[in-house]
Amino acid sequence: MFSSLLALVAIVPAFVNAQAAIYAQCGGIGWTGATTCVSGASCQVLNSYYSQCLPGTATTTVGTTTVGTTTVGTTTTTTTVGTTTKTTGTSSAPTGSQTPAAGNPFTGFNVFVPPFYASEVTAAAANITDPTTKAAALEVLNIPTFTWFDQVAKVPDLGTYLAAASAQGKSSGTPSLFQMVVYDLPDRDCAAAASNGEFTIADNGQANYFNYIDQIVAQITPFPDVRVVAVIEPDSLANLVTNLNVAECAAAQTTYLACVTYAIQQLNTLGNVYSYLDAGHAGWLGWPANLQPAANLFTSLYKSAGSPSFVRGLATNVANYNALVAASPDPITAGNPNYDELLYIEALSPLLTGFPAHFIVDQGRSGVQNIRNAWGDWCNVKGAGFGTRPTSNTGYTAIDAIVWVKPGGECDGTSNSSAPRYDYHCSLSDADQPSPQAGTWFQEYFTTLVTAANPPL
Ligand code: BGC
């Protein structure tokens, strides 16, 4: 006891004076290390669990990022959008008064390159010394990825991004399409830990979630000229198909269904938002025994929501590593005839009676195949490379677009076993380590995605 007290006394001054390195953690729930950063970096709050030393001193990098020819975010726009009063908050059913455009929602629009990810990539490239890798990293700035709204505090940024997308559409003559992920369910990530969210069912989670959706609707309302594609709640319905044996998923079932229903109904009232429900991936719902239960859940939720006409279909492989078309089956897929996303989609589609069987497929981190020890390994899998570029020329009528949903370089979860939200998948031998908290920047992982990109950047 005494000697450990002495040791503590000796250590404390070192902690007080230490400055965290660039990209290191510098705050968050449970954090006891350094809270200031080395010169050239500042400690920025990314979520309540994690503050990180990011290059530069700006705390509002997003608002001043320049994308293409459009400067994102003016004070006027931000203020106006941020204070917009929501008028549809109490409506609960889709109006059905607007008709979706016929055909592929991606056709005829320029997909907007989102400023927040651009700011992350710009900062990351600045810290790569090898000129070839740095140049390749900067190529990522030209590729559209989805923007995740994983906390309600980020929702006011949506109006800023849409204002920029709108301006870009007007100046170029081709309207913009903005890609977003709706991701803030109460008791989120019920079968894992790494992405547990800010709301809990026990503490008013459903009402908080409805408010989150209302705020999203309010942000989009002023921008009917921008087409929005929304991926709805990655992993949520898939967990209800296969993981009801997990107590937290069973307890969340009713709330997840109510929240996803509310999301698609409210977004449907806008007339410019095309929604894709998340449908896991080939190695999850693509197993033959899971296909029919999955189709039943998607279909019944959709119908009981009133068949919202702007629900366009399903998103697959979000944040996963599967190929759309695998050159040959990865040995870890043995036993599942649906060993890639196309086979999964082709097997699921005929079972979707009365549900729109259109798909978008994440290929952002699918450039390198056969890198996992097991198909269920999902956390920062080592050796992954950026994959096929986003396109709406997919070659398959059921597939509206190949997309990059997971922003490559944002982490899947921490490998620190004593940190909050630790999930053992993040310290498996095929997981890149050490890794920071989910959603925060993982520089080493980004660099690997760049160098292993297939096709090359
Ligand atoms: C994290 C989110 C993050 C998303 C995209 C998820 O795993 O939990 O915080 O926004 O990945 O990087």
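Glycine too: its Cβ is placed from the backbone N, Cα and C atoms.
Automated prediction, rather than curation, is the source of TrEMBL annotations.
If you look up TrEMBL, you'll see Asp189 marked as active site. Counting only same-chain residues at least 6 apart in sequence, those with a Cβ under 8 Å from the Cβ of Asp189 (active site) are Ser195, Asn196, Gly197, Asp235.
Positions annotated as active site, proton acceptor by TrEMBL: Asp412. Under the DSSP three-state reduction, Asp412 (active site, proton acceptor) is assigned to coil, being neither helix nor strand. Within its own chain, Asp412 (active site, proton acceptor) has Ala194, Ser195, Ala319, Trp378, Cys379, Asn380, Cys426, Ser435, Ala438 as residues 6 or more apart in sequence whose C-beta sits under 8 angstroms from its own.
Under the heading substrate binding site, TrEMBL lists Trp148, Asp150, His281, Trp284, Asn320, Trp378, Lys406, Glu410. If you draw a 10 Å sphere around the CB of Trp378 (substrate binding site), it holds 24 other CB atoms from the protein chains shown. According to DSSP, Trp378 (substrate binding site) is assigned to coil rather than to any helix or strand.
The feature domain 'CBM1' is assigned by TrEMBL to 18-54. Summed and averaged per residue, pLDDT over the domain 'CBM1' (18-54) gives 76.
Residues annotated as signal peptide in TrEMBL: 1-18.
Around Glu410 (substrate binding site), the C-beta neighbours below 8 angstroms that are at least 6 residues distant in the chain are Glu120, Trp148, Ala438, Gly439, Thr440, Trp441, Phe442. The number of other Cβ atoms within 10 Å of the Cβ belonging to Asn320 (substrate binding site), over all protein chains shown, comes to 26.
When the recorded positions Asp189, His281, Asn320, Trp378 are checked against ligand 1, none has a Cβ within less than 6 Å of one of its atoms.
Local packing around the Cβ, expressed as the count of other Cβ atoms within 10 angstroms, is greatest for His281 among the binding-site residues His281, Lys406. In this entry, substrate is bound by Trp148, Asp150, His281, Trp284, Asn320, Trp378, Lys406, Glu410, whose most widely separated C-alpha atoms sit 23 angstrom apart.
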